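K.L.:
One structure coming up, written as structure tokens, with questions to follow.
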Amino acid sequence: MIAKNFLLLLCFIALVNVESSPDEAVMIALRDSLKLSGNPNWSGSDPCKWSMFIKCDASNRVTAIQIGDRGISGKLPPDLGKLTSLTKFEVMRNRLTGPIPSLAGLKSLVTVYANDNDFTSVPEDFFSGLSSLQHVSLDNNPFDSWVIPPSLENATSLVDFSAVNCNLSGKIPDYLFEGKDFSSLTTLKLSYNSLVCEFPMNFSDSRVQVLMLNGQKGREKLHGSISFLQKMTSLTNVTLQGNSFSGPLPDFSGLVSLKSFNVRENQLSGLVPSSLFELQSLSDVALGNNLLQGPTPNFTAPDIKPDLNGLNSFCLDTPGTSCDPRVNTLLSIVEAFGYPVNFAEKWKGNDPCSGWVGITCTGTDITVINFKNLGLNGTISPRFADFASLRVINLSQNNLNGTIPQELAKLSNLKTLDVSKNRLCGEVPRFNTTIVNTTGNFEDCPNGNAGKKASSNAGKIVGSVIGILLALLLIGVAIFFLVKKKMQYHKMHPQQQSSDQDAFKITIENLCTGVSESGFSGNDAHLGEAGNIVISIQVLRDATYNFDEKNILGRGGFGIVYKGELHDGTKIAVKRMESSIISGKGLDEFKSEIAVLTRVRHRNLVVLHGYCLEGNERLLVYQYMPQGTLSRHIFYWKEEGLRPLEWTRRLIIALDVARGVEYLHTLAHQSFIHRDLKPSNILLGDDMHAKVADFGLVRLAPEGTQSIETKIAGTFGYLAPEYAVTGRVTTKVDVYSFGVILMELLTGRKALDVARSEEEVHLATWFRRMFINKGSFPKAIDEAMEVNEETLRSINIVAELANQCSSREPRDRPDMNHVVNVLVSLVVQWKPTERSSDSEDIYGIDYDTPLPQLILDSCFFGDNTLTSIPSRPSELESTFKSGQGR
């Protein structure tokens, strides 16, 4: 009897096990959490008896959930990871929301298709223990920003992994390209995300066939070289469109199965390799909107459809036509630098003598190659020696390594070779008459021979140091006596003007500096006695297309400002002075005042590069500011199609202007009062930092001359009361104008706007009234700005500062150093760019430099106030921070 009862109990337990599968509770929770459409027949408690979309094995364990394309909505329950026999999880193309539950530990899981839903997140352990996982698709889900979790490294059976348009960020893991661990992975699709990495280069034996990484979002995107492709010899389809990849195309000779190759809209440069356009398997290729150079490729595959439309820098349009030999040689030279983007952007066409950056020609012969301070990496190519006409090679201030090629010693016409301030090593070739500058180079080459030569090198180094010190001592003594003699001469002959032979001159050939045997030739530009650049009228006519009206940037009381472009693309601003403004001023007086202005250098003052005096023409050449005036960005941003300035940017601009004016008032070698400070005299660069323009120009107008419609220099709305009434000028005049500019930055309104109601015409009066009434002041803030509690706090401080600066009595206005201190405390982070000045002479100008490079160097030099202007008086030390750094 006992045995019979025990047998019945065992049967009952077995029956319960059959009826109550371990997966039953999980599946019922799944059913109850979803809103099913149609009639899926999910009734009853046994999921194995539900519709064909649920599959079970012989043990009543759920092995497949295949409910894709069913119009299902709802959230997935968190316990799906308990379905330990699950092999297929397919919920794609529904309306599912919430997080995807963790499936960690499901060793039998092969397929996960969750694409085209509204899932919000992926758990970090999602892929843990999924050793059988082969197929994954997470495309088109609005996940919170996520990265590929480390747990994916366990899924070494992966065949295809797709996470397109699902807010993926960060880096692509190296292991996905390692054939040893992921030998089955053939498809990787990560398009339309926010990936920002450079590709790994140390993987091997990748089996990936389909690689889709196109359309990454954000500013950085995927970048760096694509040379990793040549290691991926199984590739059939590659799509990298819409990223920031740069450098040359790799060797494709090993990619014999490649059918489709799309790298449109990147920054790839260099030549299209023959290994690509001779690839017979290729049927679809897209290279448009890059910076590719050399001849237009001629693809030979029978059914290929090449897409070369859009920007590139091919020398000729006809496929397969060779470039000019000079072009080929120059491209070989920059190949050693990795085909830098700045060359690819500016070297257009098939004639390097037609204005290519860094290239100067005499006739059709290249005589000067000037690649100074271009951030170049790589080595010096021996192909420089192919240009027998070369007289100057300047590769200084780059990051070049390796040795100086022996072939360069064969250049019989070479007069100057400057490779200073690089990372070169090895022996310098023997040149006959060439002046070679190698300072800042030559540590031991990493070739294993340093130890053998250590003892001999030590003696050489000691001898060299002693020789150099003696030479420097002799040179210093010689310079001292020469300068002393010259000073005595000028004291004896104060009225004698320097002739062409007395001035340092710059030779310009084809609007660019070359080298002449005597050192003096050409009249395109030279250095005046004060070291500022004197530029010929012809250069400026060419740069502005003969002062074409289409090039007008603006009109002011002192004349018209034109945009100019030198032959190599360097942009300048040319102010053509009204003849009535300077007619009463003597030539010497005008030149001396220009000399004063060209020496005023600060990062927040627009650089005056030089001038032109020919006949009745009086022209000033300024630094070009690409983003135009501040007024364009605060008053006319809608009309110009610009984005409104956010408050933090306005605050930084205010600080920039304050620093510039502070420098003029107290820190320059002599005090300046601007007298016409306003948004149209504040210019913005591409980095949206501000520089003050037209400072000191009132000095160029003779007494009594009207600079605008008033009898004084200034603009209504910005004029301090005492200046407008009496003409009395102090630095507090500029402080008042600055206060009005702060009001404009805060409100987006003009200082004087006759289109407004009578009580709102004058901004300063209206602003004070609004500020006093705290309840109405928020209405005065520019609606284009987003304002929160934090910004409102700083806005109130700046508003109070604006009122102080525009006080009626000058004594109630703060000095600009106080203004700077207030604004500095509000700008959370401001880090000045560190730049070192490298003076070539007493004026910091290299006479063998092309005019465009002089302009660039002048901008560079202008950023270093400590080298161009004497330091501030010591008694200001406790009051001011650095005039450059604040």
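Every residue gets a Cβ built from N, Cα and C, even glycine.
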K.L.:
I want to verify the bond table. Which candidate from C11, C48 sits on the other end of the disulfide that Swiss-Prot records for C56?
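P.N.:
According to the record, the bonded cysteine is C48.
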K.L.:
Which one, from the glycosylation sites N154, N167, N237, N298, N432, has the smallest tally of other C-beta atoms lying within 10 Å of its C-beta?
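P.N.:
With the glycosylation sites N154, N167, N237, N298, N432, fewest surrounding Cβ atoms within 10 Å: N432.
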K.L.:
Among all chains shown, work out which of the binding-site residues L553, V561 has the most CB atoms within 10 A of its CB.
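P.N.:
Sorting the candidates by Cβ neighbours within 10 Å, the top entry is V561.
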K.L.:
For the repeat 'LRR 4' (131-155), could you work out the same-chain residues 6 or more beyond its ends whose Cβ comes under 8 Å from its Cβ atoms?
P.N.:
87, 92, 100, 104, 107-125, 161-173, 175, 181, 184, 189, 194
K.L.:
Rounded to an integer, what is the Cα-Cα distance in Å between N167 (N-linked glycosylation site) and N154 (N-linked glycosylation site)?
P.N.:
22
K.L.:
Run through the repeat 'LRR 4' (131-155) and tell me, per DSSP, how many residues are helix, strand and coil.
P.N.:
5 helix, 4 strand, 16 coil
K.L.:
Sort the recorded positions N154, N432, R555 by C-alpha distance from N377 (N-linked glycosylation site) and give me just the closest.
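P.N.:
Closest recorded candidate to N377 (N-linked glycosylation site) by Cα: N432.
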K.L.:
Report the same-chain neighbours of R555 (ATP binding site): residues 6+ apart in sequence with Cβ closer than 8 Å to its Cβ, ordered by sequence.
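P.N.:
R555 (ATP binding site) has long-range Cβ partners V561.
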K.L.:
Which residues of the same chain, at least 6 positions away in sequence, have a Cβ lying under 8 Å from the Cβ of N401 (N-linked glycosylation site)?
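P.N.:
Set apart from N401 (N-linked glycosylation site) by at least 6 residues yet with Cβ under 8 Å, we have N377, G378, T379, N422, R423, L424, C425.
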K.L.:
Over the repeat 'LRR 12' (387-410), what is the model's mean pLDDT?
P.N.:
94
